[in-house]
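Student: Okay, these came from TrEMBL:
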- His108: active site, proton donor (ACT_SITE)
- Gly11, Ser12, Asn13: N(1)-(5-phospho-beta-D-ribosyl)glycinamide binding site (BINDING)
- Lys64, Met89, Arg90, Ile91, Val92, Asn106: (6R)-10-formyltetrahydrofolate binding site (BINDING)
- 1-181: domain 'Formyl transferase N-terminal' (DOMAIN)
- Asp144: site 'Raises pKa of active site His' (SITE)
Amino acid sequence: MSIAVFASGDGSNFEVLVEKSRRQGWPEPVTLMLTDRPKAQVLERAKRLGVTAVVFNPSDYETKAAYEQAILSVLGEFGIRRILLAGYMRIVGPVLLEAYRWRILNIHPSLLPAFQGKDALEQALNYGVRWTGVTVHWVDEGIDTGPIIEQKPVLVEPGETVESLRRKVQFVEHNLYPAVVRKWLTGKILPPDGRESGRH
Ligand code: GRF
């Protein structure tokens, strides 16, 4: 049984998840990276790290359900038990959610429920908050709405720019996400329905 990371962009979180899973000898390794973008930078990282990468371009499928069914069969082939979203810019649909209920986590660059959706860093800066942060949460049918597992704050300093804030937020993400996943793998974090679903 192993873990898949879904990513659409740069893939820095994917990389730290792979590195820490190896260095710390996680009981379930990260064995698959899935992207919806054929040109995503994360593909280079997967190659460098020697992690199998698959591209599922939604425009190759007639419906979202067909797209997710195709993903599901590959996840089955790889024996994937848990999914980590790391900058995956799509809403997870009912097909994947039902098959992986409470076995999908996401990381979001704000203190949810503030600043859900895209451009969370820009939203926080535009709003003028003094503190923002990072949230790891279970994935449900909404956009960044699932039950919160862990949060860490990040101070917004005078003169902060999107880029400077991104660096600070990502530094926190790169520590928080692997730490939460490790706890989940060792049974220290239980799903919201209170039991480990071991099948799939
Ligand atoms: C992260 O900030 C994450 O919180 C958000 O998307 C970004 C992905 O960054 N969901 P990367 O691709 O892991 O570098």
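Glycine is treated like the rest: Cβ placed from N, Cα and C.
TrEMBL entries are annotated by machine, without manual review.
Show me how these features fit into the shown structure, please.
Tutor: Same-chain residues at least 6 positions away in sequence with a Cβ under 8 Å from that of His108 (active site, proton donor) are, in sequence order, Gln116, Ala120, Val134, Thr135, Val136, His137, Asp144.
Packing around Asn13 (N(1)-(5-phospho-beta-D-ribosyl)glycinamide binding site) is summarised by its Cβ count: 23 other Cβ atoms lie within 10 angstroms of its Cβ, all protein chains included.
A C-beta separation below 8 Å, combined with a sequence spacing of at least six in one chain, links Met89 ((6R)-10-formyltetrahydrofolate binding site) to Ser8, Gly9, Asp36, Lys118.
In the three-state DSSP scheme, Asp144 (site 'Raises pKa of active site His') is classed as coil.
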Student: Determine, using Cα-Cα distances only, which of these binding-site residues is closest to Ser12 (N(1)-(5-phospho-beta-D-ribosyl)glycinamide binding site): Lys64, Arg90, Ile91, Val92.
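Tutor: Among Lys64, Arg90, Ile91, Val92, Arg90.
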Student: Whole-number answer please: how many Å between the C-alpha atoms of Ile91 ((6R)-10-formyltetrahydrofolate binding site) and Gly11 (N(1)-(5-phospho-beta-D-ribosyl)glycinamide binding site)?
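Tutor: The separation of the Cα atoms works out to 18 Å.
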Student: How many neighbouring Cβ atoms, not counting its own, are there within 10 Å of the Cβ of Asn106 ((6R)-10-formyltetrahydrofolate binding site)?
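Tutor: Within a 10 Å radius of the Cβ of Asn106 ((6R)-10-formyltetrahydrofolate binding site) lie 24 other Cβ atoms.
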Student: For ligand 1, list the binding-site residues among Ser12, Ile91, Asn106 whose CB atom is within a distance below 6 Å of it, in sequence order.
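Tutor: Cβ < 6 Å from ligand 1, in sequence order: Ser12.
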Student: Of Lys64, Arg90, Val92, Asn106, which is closest to Asn13 (N(1)-(5-phospho-beta-D-ribosyl)glycinamide binding site) if I measure between C-alpha atoms? They're all binding-site residues.
Tutor: Asn106
Student: Can you tell me the three-state DSSP label for Asn13 (N(1)-(5-phospho-beta-D-ribosyl)glycinamide binding site)?
Tutor: helix
